[in-house]
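Going by TrEMBL, these are the annotated features:
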REGION    51-73  region 'Disordered'
DOMAIN    187-255  domain 'K Homology'
DOMAIN    259-327  domain 'K Homology'
DOMAIN    331-399  domain 'K Homology'
DOMAIN    400-465  domain 'K Homology'
DOMAIN    470-538  domain 'K Homology'
DOMAIN    688-757  domain 'K Homology'
DOMAIN    762-831  domain 'K Homology'
DOMAIN    835-904  domain 'K Homology'
DOMAIN    908-988  domain 'K Homology'
REGION    942-961  region 'Disordered'
DOMAIN    989-1055  domain 'K Homology'
COILED    1040-1067  coiled coil
DOMAIN    1067-1135  domain 'K Homology'
DOMAIN    1139-1209  domain 'K Homology'
COMPBIAS  1228-1238  compositional bias 'Basic and acidic residues'
REGION    1228-1275  region 'Disordered'
Amino acid sequence: MNGHSTNDLFGTNIVSDLPNGNLIQNGTFENAPTFGLAPGAERHANAANFINNNAAPGPSGVKTQPQASRPDGTLQLDYTTDFPKLPDAPVAAPVVASAWAVRRTVIPASVVTETLSLRPNARASTVGSKGFGNVIEEQNKCNQIASQTGTKIELSESKDKSLTILITGKRTNVEEARTKLMRELQTQSSIEVAIPKEYHGFIIGKEGSNLRKLEQEYACSIVMPKRDDKSDLIKIVGPAEYMNLAAARIKQIGDEMSKQGTEVLAIPRTFYPWIRGPFNEIFDRLSAETGAKINIPPPNAKNENIVINGEKTGVERAAATIRAIYEQKKDFKSVTCKVAKAQHRFILGTRRSGLDEILRETDVVVDVPPEDDDSDVITLRGDPARLGDALALVYARASSVISQEIKYPEWMRKFLIGPKGATLQALVPKQDRLKIDFEDGGLIYLEGPPEAVKSAAAALSGEIGRLTKEMSSESIHVPPALHRHIIGRSGALVNKLKDEHDVQIRIPNEKLASDEIKIEGKKDGVQKTIAAIQEIVKRLENEKVKDIIIDHRFHGQMIGKSGENIQKWKAEFPSVAIAFPDAITKSDVINLRGEKKEVDKLYTVMSKLAKDLHESNYQESVPIFKEYFKHIIGRNGANINKIREETFTRIEFGAPGSSEGRIMVIGKQANVEKAIEKLNKIQNELASIVTVEVPINAKIHPRLLANGRRLIRDIEDEHGGVHILFPKEKSGSDKVVIRGPKNDVAAAEKALKEVAKHCEETTEEASITTKPEYIRFLIGREGANIKKLREKYPNVRIMFPTEHDNDNKIWLLGKTDEVEAVKKIYEKQITDLNETVEIHVNVDPKWHRHFVLRNAEVIREIQDQNGGVIISFPRQNSNDSKVSIKGSKNCVESAKERILEIVDDLESEVTINVEIPEKEHRALVQHAQEVRSKFNVRIRFPQRGGNHDQNEQQQQPENGVHPADLVQISGRDTKCEEAKQALLALIPISKSMTVPAEYHSSLIGRKGESVRELMSTFAVRINIPAPSENSEEITITGTVENVEAAIQNIREKVEELDKQIEDRKLRSHAVKFEVPLKYHQRLIGPGGASIRELSSRHDVQITIPRSDNPSETITVTGYETNANTCKDEIVQLIQDLESMFSQEMHLDPRFHPRLIGQRGRNLRKVQDEYQVEIRLPGRGDPDPSTVIVSGKVEEHVYDCIDKLRAMEEDYITDLIDRGQYLVHRNEAEERSAPKKVEITGAPWQLDNDDQFPAMSNANQGQQSQSSSVWGKRPW
């Protein structure tokens, strides 16, 4: 009970957990708050209510009754009346179980076990081995079959040489394994069965499905004769008993096929409706009676042959019936009539049911023209005596439904329909046979029976007239920039206008950039809304909008913590709205909008703050080798935080995983330089880092730093990641600084000097202006032209403009004579390109299609590579072979050569087939275009899934290769072979490698980052088993090259992890020694600074017992050498401390904070002044005033004590002086005695033990008075 206790759970001596320490003693409440009472007792909380004689209902709804009071003021309450019992909860009705509840779904087992037994004479391995089977050979075959089928196979040989095999796995896999085992392990026999050649296809089945089923069912191998083989013998190989069963089954299939027949009837399609009958009745009855399959061509088929398949007797009966129908109907006549095209669908009915009904009633066929035919002529065929009746039915159906159109203003649509169609339902109640469509453009389309259409048209027209009289729809033009102000925050303003004037306001979407706002509703409400919007627009136009440019890096500081600056400015300039840009856009523009004077004032305030932030946010990056990051940061950030505090700067590291070895320091410039100096000092102490200054002519610095320091970065990466720092721009210095390990710095210095020398020699720069369309031609196909020039003039660097460059200039950098030569070559080429000529080339028309396929892709490629020449091919089917090429002379000739080259490739084109499993095609398609372009070939993949309607013979594998696995490559023979090898190399493979399970989490990385990066880098899929699988096998899937590269990378990571584990073992060496408890705090230092510095310097971990542990043992863990060195230093420190002179003194605890000062500055100042150490008491010390002063010189210790006493005296004097001006608080007035409440008849007040008997058999008289009614507790 929250710290309160009780002596008796149901006795009278109970201590309550009520607030303010209120008690319940002997059933009496003392000063009890209302929330501590039971429901219904809250009416007694107020003393005035206690003495009220009139009954009044309390908050619980129960009327209070006059209560009795004692002379001492104690109010008496009866528990049974003043605390009524709550009503009992209703008894829930029993749930009647459903009759279906007992039904359980039976799920078959996914894994089954099957037994196969072989007698000794039935084992294939016993043949020729004197009756003894070769178990090893059989076991090998079992293992091979188990691997192929994904099953588990166990082999057992009995004493009588019989063999028992257990097969476990999925049902389909077990059946497959059983079939293969019987073929491999059981003695095989063969038999030949003669079946007519024409029935072989039925035995094989579609794609060999029937044949595979027979082989699996009878565990035999069935060999069918080839197509060109005239033999009709089918060979069956397998166990003797199954072989005979398979032969009998095949003979049975042959006998069944011999009873089948086919008949073809040539009957005109006009008689098909009579053959089918109304609603296909004759067709269905004939099929059911004869059992034949009747194939009637569909209406759009070209042939008019009815094919009947099935048993011969059934086929003959069906054919005779169809011929009889044809003979009976062939002399019927036909008539025509005209019916409007729009009414044809009413004659047809749903799924042509109307035509079937006319056919059933009159035996007349009605021929309605198809939808794409504009004819309105309907033809009727049948008995002349019944044609009149049929014609009457046609006209009756055509006129049974009419249509009508009603025009209305588009804005009225929602008023006519109403919410969820309520208004429309009220206007037109009966819509079951009526079709009502509201079409775009203000048109209502009605369709249905004439009476319903007329009634609906009248109702809708009347409603349209009423809406036109009472309602209005107006438009107002408002600039799109002001729309959001009219809408208001979260639509508050526009919703207010809608509610006040009972109108609908439609504001266009921002993306439409429309200025039209539509207002619909009652006429007076629309006018008032327009006036209100115009007033808002007028007010907004008087506002001022001003942008202030502030670096987006400072936006967070401008806003302030929790937006405190924004709130301050809003309070000071309430009419100004401040809009900061989205953090994602990184924009520097802040928008201010509001009253002109306030906008200008706020602009001045924000500009001043931005200037201060800019001065205090100077930033500079310092290069730090990544292996020293952890030492610079220190344990728990001790080192880096210390530098931040001392220099008042912000120090930021690169993103995790970044290869950039730089640290950004931000703050005032002087502080930044100070922090950089400290960082470099730490790095220099950690390793043999040297710094070399190399004089490089300042004039060539821009050349070396051009293109984003690409040249300098290459030198840094080539030489161990050294840091090369150039002086600031316009500093005039020519000193370039190189920092890093000694050997790497020397190599980098040599490389930099060579590059600088080359740049000084290449003093000539030149540029040539050209047209963008000439650039690809000047570069040449795959860079051929530029490669030739670079081979001829190796000392010239040629730089072409990129797509993002605005100037179309070619820059040349190099020796003067070579630059001039290259410049003249390019100027001549550009001059020739500007001269336009037109030539013709003859191309056989059969190749024209290749050039114009896929939106003339080949032509456009030739044009892009040859200065944008114009290539015109003749029209198709013109048989003209002349192709026109127009453009600059060089480009035209180059384009002509390319066209002839392509034609030559087409004429010498070959096509080869590459067998690639269909399942791999999807992975290859995405790389196909790259292979096409590289080898100039065409690649065609087969259609996925194949065509199910093709002839079965076309679906059969040829030479063991299925057509769906063949990929066609067309092109030159040599290129086709190279493309084939390239495709085969792209087929994904899977390889497994063993990686210890404890390394799996390191490979996966945090949230899978490492494994995703590995898969992305090498373009592979990596499958790492789950910990529950207890597997060390990792599977890598991808191309051969990528898989090998990924495996090599993983091996390197495993080696690195092995080294880390070994390193952790070496770092776990522990050294333990004793240090007196009184020196533990001295070792720890203020805030743990001393122990952190000691741990960081020796690269060890120091464990000191907690204050509640009296142990004196200190443990140092790390490399053995480092741990021993650290131990020696601590021991020496303790010896120095023990040799120091110490003196104890007492200082007022109130003076201790003043002595320490801000961040311990005052305390350090005193210690430094007297060369002593001052130890203040801790929180748990018994005497908080005891202070110990220690030092090597006794005189210094006493001088320090005198200084401390003087400082304490000054502090106490100031404290007394300030106390004279404090106002003394008045003593609290004496509180009145608490009211008492006594309750009788409560459950916890028991008269005797019978009401609540004891739970124990112990003698009650011997029970302690303080013990619980539950007996003595064992705990």
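Every residue, even glycine, has its Cβ placed from backbone N, Cα and C.
Unlike curated entries, TrEMBL annotations are predicted automatically.
Owing to the predicted nature of the structure, the values given are computational and were not obtained by experimental measurement.
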Residues of the same chain, at least six outside the coiled coil (1040-1067), with any C-beta under 8 angstroms of its C-beta? 985, 989-991, 993, 995-996, 999, 1002-1003, 1014, 1017-1020, 1022, 1034, 1117-1120
Kindly report the helix/strand/coil residue split of the domain 'K Homology' (989-1055) according to DSSP, in that order. 40 helix, 15 strand, 12 coil
Per-state residue totals over the domain 'K Homology' (1139-1209) - DSSP helix, strand, coil: 37 helix, 16 strand, 18 coil
Under DSSP, the domain 'K Homology' (331-399) has how many residues in helix, strand and coil? 36 helix, 15 strand, 18 coil
DSSP says what for the domain 'K Homology' (400-465): how many helix, strand, coil residues? 33 helix, 17 strand, 16 coil
